[in-house]
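Asks: I have a structure here, written as structure tokens, and I will follow up with some questions on it.
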Ligand code: TZP
Ligand code: MG
């Protein structure tokens, strides 16, 4: 097996509370139908058994879509689910330990909040960083100090691995996030709990695609 390829364009981070209306699985299904490229199962209070149950349903829902399924923090759940990867933060286990547990064929994402931490991401272990938080957000009450787009750019410039931006991001912020060097945006409330999660994801994806087209056009201009 090989580590799966992945596209950070529109990275949906699920929140059980915000998704309560239609549930996390249906939210993910609709978001991926709209163009979300990655889905992270994040359920801080769920416990491993609930993570595994939801994760298995997510894996079934995403099968054949090309979207990657990432599990937050819980390596045991990720392995049971057969997820594409895991995402850890600075307060979780070290990247070396996470990589040892998940093996060489899983995607490993790491949250960083400073350029120093971004610079320490080991490309032999870590596949991408989640950089930010760009803005303060009520979705994660204990988030670190918001860094804005300039701070985001500094983190990403320091990182040896690709980055997805996170923290209060909505469709109008996509261009600035990509201009700061992010390959995509990680969002919770821009999709979870929205009246039309599919359309919300579609708009985000269209923004990312448009920005990527513009930057590839300008790179061939002489
Ligand atoms: N990590 C840093 S900010 C955040 C996480 C999980 C929450 C982002 O949520 P939203 O609703 O996209 O601001
Ligand atoms: Mg964590």
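Using N, Cα and C of the backbone, Cβ positions are placed for all residues, glycine too.
Annotations in TrEMBL come from automatic prediction, not curation.
Under the heading domain 'Thiamine phosphate synthase/TenI', TrEMBL lists 10-191. Taken from TrEMBL, the feature 4-amino-2-methyl-5-(diphosphooxymethyl)pyrimidine binding site covers 40, 41, 42, 43, 44, 72, 111, 140. Summarising the annotation, TrEMBL assigns Mg(2+) binding site to 73, 92.
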Asks: Counting Cβ atoms within 10 Å across all protein chains shown, which of the binding-site residues 42, 44, 140 comes out on top?
Replies: 42
Asks: Of 40, 41, 72, 73, which binding-site residues come close to ligand 1, meaning Cβ under 6 Å from one of its atoms?
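Replies: Listed by sequence, the hits amount to none.
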Asks: Cα-Cα, whole number of Å: residue 41 (4-amino-2-methyl-5-(diphosphooxymethyl)pyrimidine binding site) versus residue 73 (Mg(2+) binding site)?
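Replies: Between the alpha carbons of residue 41 (4-amino-2-methyl-5-(diphosphooxymethyl)pyrimidine binding site) and residue 73 (Mg(2+) binding site) there are 9 Å.
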Asks: For residue 41 (4-amino-2-methyl-5-(diphosphooxymethyl)pyrimidine binding site), list the number of other Cβ atoms lying within 10 Å of its Cβ atom.
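Replies: For residue 41 (4-amino-2-methyl-5-(diphosphooxymethyl)pyrimidine binding site), the 10 Å Cβ neighbour count is 31.
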Asks: Given 40, 92, 111 as the binding-site residues, which ones have a Cβ positioned under 6 Å from some atom of ligand 2?
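Replies: List returned for ligand 2: 92.
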Asks: Where does residue 111 (4-amino-2-methyl-5-(diphosphooxymethyl)pyrimidine binding site) sit in DSSP terms: helix, strand, or coil?
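Replies: Once the DSSP labels are grouped into three classes, residue 111 (4-amino-2-methyl-5-(diphosphooxymethyl)pyrimidine binding site) ends up as strand.
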Asks: Averaged over the domain 'Thiamine phosphate synthase/TenI' (10-191), what pLDDT does the predicted model reach?
Replies: 97
Asks: Could you measure between residue 92 (Mg(2+) binding site) and residue 42 (4-amino-2-methyl-5-(diphosphooxymethyl)pyrimidine binding site) for me? Cα positions, answer in whole angstrom.
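Replies: Checking the Cα atoms of residue 92 (Mg(2+) binding site) and residue 42 (4-amino-2-methyl-5-(diphosphooxymethyl)pyrimidine binding site) gives a distance of 14 Å.
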Asks: Return only the integer: C-alpha distance in Å from residue 42 (4-amino-2-methyl-5-(diphosphooxymethyl)pyrimidine binding site) to residue 73 (Mg(2+) binding site).
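Replies: If we compare the Cα positions of residue 42 (4-amino-2-methyl-5-(diphosphooxymethyl)pyrimidine binding site) and residue 73 (Mg(2+) binding site), the gap is 8 Å.
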Asks: Taking 10 A as the limit, how many CB atoms besides its own sit near the CB of residue 73 (Mg(2+) binding site)?
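Replies: Residue 73 (Mg(2+) binding site) is surrounded by 19 other Cβ atoms within 10 Å.
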Asks: If you count the C-beta atoms lying within 10 Å of each candidate's C-beta, which of the binding-site residues 43, 92 ends up with the smallest number?
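Replies: Candidates: the binding-site residues 43, 92. Fewest Cβ atoms within 10 Å: 92.
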Asks: How many angstrom lie between the most widely spaced Cα atoms of the 4-amino-2-methyl-5-(diphosphooxymethyl)pyrimidine binders 40, 41, 42, 43, 44, 72, 111, 140?
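Replies: Pairwise Cα check on 40, 41, 42, 43, 44, 72, 111, 140 gives a maximum of 16 Å.
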Asks: Where does residue 42 (4-amino-2-methyl-5-(diphosphooxymethyl)pyrimidine binding site) sit in the DSSP three-state scheme?
Replies: coil
Asks: For each of the binding-site residues (40, 111), count the other CB atoms lying within 10 A of its CB, then report the residue with the highest count.
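Replies: Per the Cβ count within 10 Å, the most buried is 40.
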